[in-house]
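Annotated active site per TrEMBL: 93, 165, in sequence order. Per TrEMBL, the feature compositional bias 'Basic residues' maps to 40-57. Residues or ranges marked as domain 'Peptidase S26' in TrEMBL: 66-255. The annotation region 'Disordered' is assigned in TrEMBL to 1-57.
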């Protein structure tokens with residue numbers, strides 16, 4: 001094809017072929033521009049590129065932050081439910097071992113591996129028989145209540161239904177206050193209690209109890225202000241705490257930093273008492289390291305028995 005009819009086709013082909021790239025005339029014109037003009041156009045293009053990259057980073061960050069929050073909450077939920085939960089202490093019943101406002105880490109994993117409370121352990125347990133019934137319960141809206149429950153679960157607020165005390169008597173133990181020296185006896189043997197709040201006797205309330213099967217006798221370290229098993233002897237449950245209501249053993253004070261300390265599993269004088277006579281040495285610390293728990297001898301014996309019947 002030649003002549004005037006071919007001219008539009010050539011122009012169209014040139015137009016199509018030049019899409020996406022500068023024409024020779026534009027390149028030549030750019031080369032003819034002064035150096036300062038070309039530099040200015042380059043800086044403007046770099047600024048536009050930087051803005052586009054910044055917008056992409058913002059969009060990426062906006063997508064990643066919710067994902068990080070969800071993962072963090074899931075990990076926290078897993079840890080608090082099955083491994084370690086932090087409780088805020090609202091009262092002075094465990095002074096000076098644990099102060100008001102301290103955050104205490106409670107091991108919740110060990111019971112899954114056969115751990116059972118021992119004498120001298122500091123434990124957290126669910127209110128067994130409405131021990132907290134006389135405490136005022138503030139009313140709040142559903143939203144505030146949900147937030148309070150979440151903060152309580154995270155250990156930022158104290159629980160309305162959990163208590164913390166020290167185990168003094170195990171199932172079958174006879175606990176008496178007091179002997180001629182003013183000390184509490186367990187199965188006829190006096191126990192030393194160096195953790196008591198200064199100036200407090202072991203108990204100003206005389207008592208003699210035998211702990212039923214599956215129950216515990218608990219007392220606070222600040223005996224003069226602790227509404228523990230002694231104050232509920234005449235109520236349903238007799239002041240005993242069912243072992244099934246135990247949440248776990250308090251293993252450390254984790255906040256504030258100035259109060260940081262581990263909480264050993266009781267004193268030897270408390271742990272070595274039994275109805276059959278003194279026990280051999282018992283390790284004070286629970287063998288819990290990075291979630292690895294050694295089952296107690298009782299649990300291992302139970303496992304062997306189950307295997308024999310299977």
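Note that Cβ sites are derived from N, Cα and C of the backbone, with glycine treated the same way.
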Close approaches to the compositional bias 'Basic residues' (40-57) from elsewhere in its chain (Cβ under 8 angstroms; 6 or more beyond its ends): none
Reported mean pLDDT - the domain 'Peptidase S26' (66-255): 86
DSSP-derived class (H/G/I helix, E/B strand, else coil) of residue 165 (active site): strand
